[in-house]
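According to TrEMBL, the active site, acyl-ester intermediate annotation covers Ser22. Taken from TrEMBL, the feature active site covers Ser80. Sequence annotations record features per position, and here TrEMBL assigns substrate binding site to Lys193. Summarising the annotation, TrEMBL assigns compositional bias 'Low complexity' to 248-278. Look at TrEMBL and you will find 278-297, 319-338, 340-361 tagged as repeat 'Cell wall-binding'.
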Amino acid sequence: MDAAAGTVLFSKNGDKQFYPASITKLMTALLVAENCNLDDKVTFSATATTNLEAGAVSINMTAGDVMTVRQCLYALLLKSANEVGNALAEHVAGSNAKFAEMMNAKAAALGCTNTHFTNPHGLNDSNHYTTPHDMALIARAAFQNDVVKTVASTRTYTLPATIKNPSGLTVTIGHKMLNPNDARYYPGVIGGKTGYTSKAGNTLVTAVEKDGVRLIAVIMKSKSTHYTDTKALFDYGYELVKAGALSGSGSSTGSSNNAGTTGSSSGTGNAGPGTSSAKGWVQDSNGWYYVKDNGAKAANEWVTVDGVSYWIDSNTYMAKGWRQVNGKWYFLRSDGAMAKNQWEKVEENGQWFYLGADGAMLTNTTTPDGSRVDESGAWVR
């Protein structure tokens with residue numbers, strides 16, 4: 001994702017739900033940074049220090065231990081200490097459950113449509129999930145926050161003495177692309193977060209900034225290629241920069257879907273999916289529909305809101321997934337927005353198709369990244 005414009009540059013299973021594991025902590029850190037003074041004292045409760053599954057990463061905090069919010073953030077993002085996530089949630093909202101409500105509200109405000117959080121740390125829970133696309137939106141916001149960016153880019157930090165660590169504890173960031181001594185180091189990386197659970201597999205969020213362009217990569221449900229995949233994504237993104245497909249400010253020079261916002265109505269209503277009004281987007285039990293300025297519902301037509309296009313089916317409801325319009329194929333993401341300038345995979349047959357600058361699937365040509373697609377639009381391997 002181009003962080004400046006929210007443009008998706010490449011997507012594979014971008015709207016598929018996965019368990020996030022500890023990349024959840026980016027949302028936790030963002031909410032803490034927005035709601036706390038960094039010098040506030042956080043007192044660890046017995047609930048915070050014991051409400052963990054077996055084998056969960058911790059720094060051995062015990063009931064009665066005290067650290068500042070700042071120190072907790074370093075323990076959270078560098079060491080991925082799960083009891084610290086619990087303690088911060090209690091500090092901000094009083095309980096994990098109340099904090100999860102804040103997490104879900106924030107996710108919705110950022111435009112996430114397939115995310116549900118139940119805890120501040122990402123340990124296994126079948127109701128705790130997100131998508132690569134939604135996680136990119138969260139990471140985009142997190143790395144726009146100076147506190148989160150500073151903490152998540154720090155390589156080592158020394159925590160104060162506690163009951164079980166009387167000499168203090170030095171924590172080191174787990175993200176290998178930030179370590180110049182590691183073969184996986186990637187110049188320009190400004191921060192990131194790792195994650196792993198047995199159900200989530202490896203998850204990885206990374207932000208990089210070079211040539212005035214900031215990119216964000218999200219990898220989920222990886223067995224072992226999360227770092228090599230991230231490098232490949234960044235290399236691809238900066239090839240687009242070199243080719244002039246992205247401007248130096250980090251925004252797309254062509255038309256593209258905006259993954260960061262749902263838009264607002266050009267009429268008198270509010271809206272993009274997420275709100276409702278007499279005009280513009282309205283939601284009922286069947287989905288989203290669009291009321292035009294003349295009061296009529298849009299049907300069998302494109303609706304464009306703040307430069308983002310949505311297809312409205314003949315039943316008057318916003319479409320999702322693949323649609324053929326006037327002989328051309330388009331892909332509508334889970335939030336209804338037309339996908340542009342990216343690859344999409346058809347899960348049923350495993351084939352990849354490229355959507356051009358106008359959103360239409362390319363056929364019998366060469367894509368901007370040099371790949372070939374046949375007459376049906378399928379990638380020629």
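Even glycines carry a Cβ here, placed using N, Cα and C.
Nobody curates TrEMBL annotations by hand; they come from automatic prediction.
Ranking the recorded positions Ser80, Lys193 by other CB atoms within 10 A of the CB puts Ser80 at the bottom. With helix defined as DSSP H, G or I and strand as E or B, the repeat 'Cell wall-binding' (340-361) counts 0 helix, 11 strand, 11 coil.
Summed and averaged per residue, pLDDT over the repeat 'Cell wall-binding' (278-297) gives 84. DSSP classifies Lys193 (substrate binding site) as strand under the three-state reduction. The repeat 'Cell wall-binding' (319-338): residue composition by secondary structure is 0 helix, 12 strand, 8 coil, according to DSSP.
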